[in-house]
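First up is the structure itself, then whatever we jot down about it.
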């Protein structure tokens, strides 16, 4: 048995928002995931064919035999992924990266932007199971991009922000946190770089942020995703990340 | 040990000819979580410079049809940390000799790194990286001028305690002239090919995807180019060649040895399939049997004799 690689069987693959799909998969490989915020790396085509590199994806939900990913179609690779049917098998590396910690706190604020929302769902479920009060702020560009609002509502209070104001609060996730004066012991975030930078500028002490990067391998070999941090010369987003503490993040210029 | 797979080249007594290529395998130990790396013939370490280097800004990675474009920029912790920390982490896991890949931005840097790292007991040979396309100073400029390459080779040879292989760039007009120049300067072997220089652009913005603008193009897409160049250099020099460039299977290894390689390095395939080297080693005997090959030693340069 291979420690990180396995074949997973597609159970469903459906569109849930504009260009956004939810794929559910089944297989023993799901048991390799040990923390919310860890990611999988998917070989969409055969070894030597296009796309050549794997596609790293966050995990929205998992148990020992199942996992759910949510992905946005942004190019050929993700377009090919939409064509996968129930019963198709996917070569995946599973349980990559550090994942979110589950600290002993009373109140957690989940802050997701676009396809950065998914990993916060599993995290929210696990925190809620430990008795933590969950508040979620989900940011999207527009109403047509919104997904998983209902699922997050099952965890606690949910605020949706859209950049164009077409649904609920207009503005960024940070605008909503400020405007509503949301309280928390720790915040947990995943989303575009601009959103994460804004959060660090807002509070650089009490947060955990999950970053994305273009990766060659996803397991620490190529140094393609190295990122400068305050605590060390660098961290690899794929191994020492994707989750960094707010206090170590260097905000991009 | 399967004697049919064994190969001997200067400084390296390989139990099989499969070597992960520099820059695709870190300092080796990280792959132990995938399979026992002691099964590998040798390991080409991540390019090492005198001082630590962070490398290029992100994004460093893009891709294309059957290939990968990278501009890491020689990120490494510097020669002292490589010798005292990285190799110590590798020591309990790997018991054959490794190949240290050395790089620099001037002749003195190469000489100093070679002088130090060649004394390390785990290092069986040096690979002189005169062909990195992703650093501004040094690197590729040494790899495109035969006289510069020869001067550098001679200087490194003078201080090295172990055999010296020179890694050739495909981004030249005449790769045989480069090979002959480094052979004449005392190189013990050649490793080839490094990446081809390439670019990709963002369709929305028109900007290069890679922050460094250009990157090194590797993967199955460059495999036929590698075969052609190895075939040519095999006829031009007498020193052995460690071949590389898009190798992904045991069949690819055999074909590259036919072209003239004495051993074969696997690069990009490690990034897509972390089990690539193990899979190739495991399948080599059955693929050899299919083509009636008794031992790998006998097929080096076979295509030049048929």
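Backbone N, Cα and C atoms are what each Cβ position is placed from, and that goes for glycine too.
No curator has checked TrEMBL annotations; they are predicted automatically.
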Handout entry: Residue among B:46, B:97, B:157, B:238 sharing the substrate site, where TrEMBL lists B:70, B:71, B:72, B:73, B:74, B:129, B:194, B:195 as binders
Key = B:46
Practice task
Within 10 Å of each Cβ, count the other Cβ atoms and name the one among the binding-site residues B:73, B:245 with the highest count.
Solution key: B:245
Problem - Residues that sit under 8 angstroms from residue B:22 (FMN binding site) by C-beta distance, when 6+ apart in the chain - result: B:44, B:45, B:46, B:47, B:99, B:101, B:127, B:129, B:167, B:265
Fill in the blank from the handout: Here the Cα-Cα span from residue B:71 (substrate binding site) to residue B:245 (FMN binding site), rounded to a whole number of angstrom, reaches 16
Exercise for the section: Give the distance between the Cα atoms of residue B:193 (FMN binding site) and residue B:73 (substrate binding site), rounded to the nearest whole Å. Expected result: 18
Practice task
Write down the Cα-Cα distance for residue B:267 (FMN binding site) and residue B:73 (substrate binding site), rounded and given in Å.
Solution key: 16
Problem - Taken over the domain 'Dihydroorotate dehydrogenase catalytic' (B:5-288), the model's mean pLDDT - result: 95
